[in-house]
Each structure stands twice: as C-alpha cells, then as structure tokens.
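> Next up is a structure, given as structure tokens.
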Amino acid sequence: MNPSHVLVLNSGSSSLKYQLLDMARARPGSGSAAGRLTSGIVERIGEGPVADHAAALKQVSEELDRQGLGLDSPKLAAVGHRVVHGGTRFTEPTLITDEVVAEMEKLVPLAPLHNPANLAGIAVARQLRPDLPQVAVFDTAFHATMPEAAARYAVDIETADRFGVRRYGFHGTSHAYVSRATARLLDKEPSEVNTIVLHLGNGASASAVRGGVCVDTSMGLTPLEGLVMGTRSGDLDPAAIFHLARVGGMSIDEIDTLLNKRSGLLGLCGDNDMREIGRRMAEGDPAARLAFDIYVHRLRKYVGAYTAVLGRVDAIAFTAGVGENSAAVREAALRGLDALGIEVDAVSNAIRGATARLISASSSRVAVAVVPTDEELEIATQTYALVTG
Ligand code: AMP
C-alpha cells in the first residue's frame, strides 16, 4: 500500500500544533474527522522542559510513536508545513529544498514574528526525516491571484516595490477551503460561484472570491489590516501612528504592540472572546456593546465593498470561531441588507451545528452559509496532491 498519511505542522513562536491525517480516508467536505488520526499541541516553547522547536517536535514524535504512528512510520507520505508569508515568490504549495529554505529566509522581514517560527519547525522536521518529502503551504498563496488594482497601495511605486509594500493577504488556506466548500454546499463548481468569505476567528479577514479565484482580501502587508479582530485594530488611518509617535511619545515597537496585541475587541472593552462580550451585552454593559457595534459596522462595510467588487454575489460564507458560532454577529452583520438580496433566516441562523449549512431565507437571492473551516485538512490535501501529483 502506498503511504497515505500526512503530518501537518503549524509552528508558532511559542507553540507547535500538529495533526496527522490519512488522506486515503479524508474526504473533502466530510470534515477532517473522517481522516484525522490524531492531533495536539505543544505549548510554551522556550520555557521549562520545552527549550526550543527541536524539543517540541521531539515531544510530538514521541507522542506519535506511542500511538504507533511515529515519524518513521512507512505510512507517512509527507509533512505539510503552514508558512505564514510567501511574499510574491511563493504562490503555490512548494516542495521544501535547501534553496527554498534560503528563499524563505529572505522573507523573514515581511513576517518577523511568524516566519522564523515556521522555519524552525521546518528545520527540525527535515533533520528528523531528511528523506521525507516536506511541503510548505503558504497563508498568502490563495491571494496571489488578486489583480494589481486590489493588491497595490497608492504609495510611491518605487518605494513600495523596493520594500515589498503591497497587499498579500492571509488565512489563504481557510479562504480557499471555505470558498470551495461553499460551492459544494450549493451543488456547484467553484468556477460557477462568487463568494464573500468572512473568516472571523481571533484573527479575522474577509475575501472576495470570483469563480474560485481570490480577487480581493482585507488583510494586507501584514495581518493587521481590515476587520476588527480579537486584539488587532484592523483598518486605521496610518497617520494615527505618526500622531502616537509625535504627540504620544510612543516608540514604533510600542505602537506595533498596541495595534496588534492591545487593540481590537480587547482594547475596546477588555475582552477578546465574543462569548464573554455577548454575556456582558446581555447584562447591559455599554463597553461590550460598543465593541460589538464597531466590530459589526466594519464587517458590514466589507460586505458592501466586496459586493461592489464582485458585482454578482452568489454566497456569503461565515467561518472560524466567531463566524461558525456567533448567530448574533451573523445576524447583525447582514441585518437589513434585503436591498442587496441578502436575507438571513432567523431560525436557521440560531441552530448550532458542526457541518456546513445554509442560514439564508428561501427568498434570499444570495445564499448565506456557515461553513466550518479546516486549515489542516486543506494543508494536508495540498501537500498530498503535490507529493503524489
Ligand atoms: P479561532 O481563532 O477561529 O479559534 O476563533 C477564536 C474565537 O472564536 C474566540 O476568541 C471567540 O471569540 C470565538 N468563539 C468561539 N466559540 C464561540 C461561541 N460559541 N460564540 C461566540 N464566539 C465564539
């Protein structure tokens, strides 16, 4: 039997998430449950017993060994690595070689927090199994199809090009997976469907997908731009940064931390969990209410903007922690948009579920869907396709 297992590694600065899938059993749309063999996370890398990424992967490998699924298992076909930033260089899943690693190292300035951790995970996995195909799947790749009009900022073009300042977009594996799953839910080919995907997790981004191809997305040079997020501000007048530096006396690093870690829902009301915000709103807490309203207002603006970008919208898909679970956010984001052909059915919206489902009214011209994302399955699928290709 051909090896059909794929180990997906998502290596962050202080954690290593892993999932082992059997691609002979994983089915698109079935949810990865069908092919998921095991998964887990090693946290607090850099502290105590988990000194570094090598120690973390050793821990994963020992755990897999205990389950008889170790890194040296003959069933293992490949390792798929999530890599945050592919720049303009990597727009496809890529078989990792020394040359590819060298190119990825050049991209570190674009994602100084994320890419070094991804590279550390790649390095230790290659040391453990140098013979095994390992594939990098980039969070930016799905957005590489954006036209220049959407991808470029109106900044002096030579300066922008010199420093790589443009819109790259992130959460690409999720937007790719969810836009395809939405087409399947509608019994259509991805090429037949125009979809607005709203990935609302702790990080949040929207994308406009025309016939399966991404034409715009809300995150930009970094994941800071766009929607209001758990701890990130999203869109902001860039002059606020000059103001905070000149008038507030803050350093660039302090402003970076403020906008990425202490803003968004957390900065507005002290909580970044939408469940907690919902509870506080029910008690009449005005700060929680304001945070929710700002979050939803921004979301509605993007729905309107991407409706105009696409011209014809067939579906709006909600995904990730907030998108999959918060009926209140979905309802508020699309309330009163009948003029755009968008009508949410209150009863279907309120029903919880773990599978892709429609929540639009039967009279709605635009299908509104809740589609659980599965980035690990998407990374495994792309990895397996490349190595068996
Ligand atoms: P993710 O980044 O996709 O894991 O999403 C995490 C976020 O989803 C959390 O910070 C919560 O705000 C949100 N979330 C998770 N479960 C629920 C729920 N039942 N209702 C509302 N929000 C939720």
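Any Cβ shown, glycine's included, is placed from N, Cα and C.
Heads up, TrEMBL stuff is auto-annotated, nobody curated it.
This is the feature table in TrEMBL:
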BINDING   N10, E375  Mg(2+) binding site
BINDING   K17, H199, L200, G201, N202, G203, D273, M274, R275, G321, V322, G323, E324, N325  ATP binding site
BINDING   R82  substrate binding site
ACT_SITE  D139  active site, proton donor/acceptor
SITE      H171  site 'Transition state stabilizer'
SITE      R232  site 'Transition state stabilizer'
> Report the nearest neighbour of N10 (Mg(2+) binding site) in space among the recorded positions D139, N202, R232, R275, V322, comparing Cα positions.
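Result for N10 (Mg(2+) binding site): the nearest of the recorded positions is D139.
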> Quick check for the class: what is the C-alpha distance, in angstrom and rounded, between R232 (site 'Transition state stabilizer') and H171 (site 'Transition state stabilizer')?
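Cα of R232 (site 'Transition state stabilizer') to Cα of H171 (site 'Transition state stabilizer') measures 15 Å after rounding.
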> Could you list, ordered by sequence, which of these recorded positions: N10, K17, R82, D139, N202, V322, have a Cβ under 6 Å from ligand 1?
N202, V322
> Restricting to the recorded positions K17, R82, H171, N202, D273, E324, which ones have a CA within 10 Å of the CA of E375 (Mg(2+) binding site)?
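Checking Cα-Cα distances against E375 (Mg(2+) binding site), the recorded positions within 10 Å turn out to be R82, H171.
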> Under 8 Å Cβ-Cβ from E324 (ATP binding site), six or more apart in the same chain: what's there?
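Correct list: F318, V370, V371, P372, T373.
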> Restricting to the chain of D273 (ATP binding site) and a gap of 6 or more, list residues whose Cβ falls under 8 Å of its Cβ, or answer none.
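Spatial neighbours, sequence-distant, of D273 (ATP binding site): G230.
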> What is the total of other Cβ atoms whose distance to the Cβ of K17 (ATP binding site) is within 10 Å?
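The answer is 19 other Cβ atoms.
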> Per DSSP, to which secondary structure element type does the residue listed as 'substrate binding site' belong, with helix, strand and coil as the options?
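Strand, per DSSP.
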> Counting Cβ atoms within 10 Å across all protein chains shown, which of the recorded positions R82, H171, R232, R275 comes out on top?
H171
> Among all the protein chains here, how many other CB atoms are within 10 A of the CB of E375 (Mg(2+) binding site)?
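Within a 10 Å radius of the Cβ of E375 (Mg(2+) binding site) lie 24 other Cβ atoms.
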> Within 10 angstroms of the C-beta of L200 (ATP binding site), what count of other C-beta atoms is obtained when all protein chains are considered?
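Within a 10 Å radius of the Cβ of L200 (ATP binding site) lie 27 other Cβ atoms.
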